[in-house]
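Listed in TrEMBL for this protein:
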- LYS99, GLN162, GLY191, ASP222, LYS360: UTP binding site (BINDING)
- HIS192: substrate binding site (BINDING)
Amino acid sequence: MATDTAKISQLKSAVANLNQISESEKTGFVSLVSRSLSGEAQQVEWSKIQTPTDEVVVPYDTLAPTPEDPEETRKLLDKLVVLKLNGGLGTTMGCTGPKSVIEVRNGLTFLDLIVIQIENLNKKYGCSVPLLLMNSFNTHDDTQKIIEKYSNSNIEIHTFNQSQYPRIVVDDFVPLPSKGHTDKDGWYPPGHGDVFPSLKNSGKLDALLSKGKEYVFVANSDNLGAVVDLKILNHLIRNKNEYCMEVTPKTLADVKGGTLISYEGKVQLLEIAQVPDQHVNEFKSIEKFKIFNTNNLWVNLKAIKRLVEADALKMEIIPNPKEVDGIKVLQLETAAGAAIRFFDHAIGINVPRSRFLPVKATSDLLLVQSDLYTLVDGFVTRNPARTIPANPSIELGPEFKKVASFLSRFKSIPSIIELDSLKVAGDVWFGVGITLKGKVSIAAKSGVKLEIPDGAVLQNKEINGPEDI
């Protein structure tokens with residue numbers, strides 16, 4: 001096998017000829033690959049891991065109240081920029097185009113809700129919080145068209161693209177586009193850790209700094225709970241924290257999420273991929289690692305500039321093997337949360353679960369479209385009539401995987417305020433005005449269509465045919 005130095009020089013000359021991408025993308029890509037070959041991604045020494053104290057992971061309810069004077073609040077908000085990660089497609093939910101244009105509730109999309117929230121904020125306090133969307137080459141063109149509909153709103157919307165890197169052919173370590181795969185399949189966006197260099201390379205970072213902006217609030221566009229929080233912003237400005245990761249208590253559904261640890265005097269993110277095999281079960285336990293990363297991040301803009309210019313953000317590399325037309329390829333990615341250890345006075349804040357409401361599948365869509373939530377001013381909030389803190393667990397079979405099929409199988413979304421769990425398998429169709437309570441399991445027999453009639457109330461039932469209803 002060629003030596004790593006030979007591999008890199010071969011890759012460098014191949015990349016130099018890829019005129020679809022910029023010089024900064026070429027440099028960023030080659031440096032990422034060099035880092036991955038040098039094997040600097042050492043596993044953590046398990047015995048050195050410490051549970052962070054309340055100074056490092058601050059409990060949300062200990063944050064100082066926000067200033068009562070609206071003028072003070074306006075000044076705070078004028079230092080803020082909201083950035084949504086908008087690089088993902090809706091393909092897993094059977095939709096074309098950016099995931100952020102899937103309709104969430106009342107005909108409004110993720111993006112509509114985000115714009116309404118910031119509009120209301122700007123109107124209420126007379127501030128001008130801009131919205132930035134980080135697109136990928138997969139979502140850029142569609143997003144540019146979609147945001148035209150907001151041109152009359154009182155909110156500035158800026159878009160920029162994250163990097164476009166070539167996939168690497170595993171066999172001979174050549175970029176896939178150099179082998180004639182010049183369509184989208186030859187390329188990949190290198191994960192949201194790329195948000196920091198891309199902000200800088202796009203010119204957006206300097207433009208924001210020149211307008212007196214100080215902090216960026218970064219979140220996934222599909223997290224309906226990621227709304228601007230004045231207490232957090234106020235805390236960071238007062239305490240000069242350059243970076244803040246919102247974490248929230250783990251439930252059994254979150255065992256794979258990254259957690260914050262204290263390690264050699266720094267706070268850092270620990271992801272399941274970095275955990276030695278013999279400790280994976282311990283990592284997943286809720287006893288030792290009680291919190292996980294929501295990917296709601298607050299970061300100081302000057303600090304981003306300083307660290308990107310010094311090329312100091314060397315986050316753990318996540319190798320992501322794929323296959324394109326039978327060719328084994330590798331894409332190397334990084335995550336924004338892993339950057340926490342490079343910033344000064346970095347903290348976590350242990351926030352309420354309500355700030356983490358991601359919609360990853362139609363089962364999540366069922367939750368947020370039901371009476372479990374209400375929509376006010378663009379904010380999706382939990383119905384206080386639900387007394388149990390946890391949401392019901394919902395498992396829908398493959399027939400419900402695509403948004404269109406999901407919508408056609410529910411004439412209306414059932415009432416689930418008193419539901420503990422729902423399992424649906426097979427060819428099941430729901431009528432109007434159905435109520436589900438307790439534990440409900442519905443499984444249609446193979447090849448048989450099972451219709452749940454209008455107005456049915458199902459409580460702690462297992463249903464395998466119409467006779468069980």
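Just so you know, glycine gets a Cβ as well, placed from its N, Cα and C.
Packing around HIS192 (substrate binding site) is summarised by its Cβ count: 24 other Cβ atoms lie within 10 angstroms of its Cβ, all protein chains included. Spatially close to LYS99 (UTP binding site) yet at least six residues away along the chain are GLY88, LEU89, GLY90, MET93, PHE110, SER221, ASP222, judged by Cβ distances under 8 angstroms. There are 22 other CB atoms within 10 A of the CB of ASP222 (UTP binding site), with all protein chains counted. Least packed by the Cβ count within 10 Å, out of the binding-site residues GLN162, GLY191, LYS360, is LYS360. Among the residues LYS99, GLN162, GLY191, ASP222, LYS360 said to bind UTP, no two Cα atoms are farther apart than 21 Å. Rounded to the nearest whole angstrom, the C-alpha distance between GLN162 (UTP binding site) and the residue listed as 'substrate binding site' is 8.
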